[in-house]
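Worksheet for the structure shown next.
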Amino acid sequence: MAATAELIPAGEVIACHTVEDWNNKLKAAKESNKLIVIDFTAVWCPPCRFIAPIFVELAKKHLDVVFFKVDVDELATVAKEFDVQAMPTFVYMKGEEKLDKVVGAAKEEIEAKLLKHSQVAAA
């Protein structure tokens, strides 16, 4: 269990820089049975830079949710796997199931879907 906690620390946005790192951390997150929110981002994307600190605050507030940040240029294969067409894209999942998606830096929508799916995840 300690290994899982180390791979997916609560209260943080977990950045993955290699496919191997991503696969290991996503596997641990899926096994934790927590809601997972993935922010697909890019360094050159102004809306991504706008929403990044808000995403960090959400991670600090929702300790029962696993938050990931994936740079689409670094991990293009992962972005393709999740059918990311625009940045930022937020994907919500639990276990193997993709629950929802938000495209764009829509703070209210991101928070609303986070609350909706974290309540379902807790049930």
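Note that Cβ sites are derived from N, Cα and C of the backbone, with glycine treated the same way.
Taken from Swiss-Prot as is:
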DOMAIN    2-119  domain 'Thioredoxin'
DISULFID  Cys45-Cys48  disulfide bond
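Using DSSP to sort the residues of the domain 'Thioredoxin' (2-119) gives these counts of helix, strand and coil: 55 helix, 31 strand, 32 coil. Here the domain 'Thioredoxin' (2-119) has a mean pLDDT of 94 out of 100.
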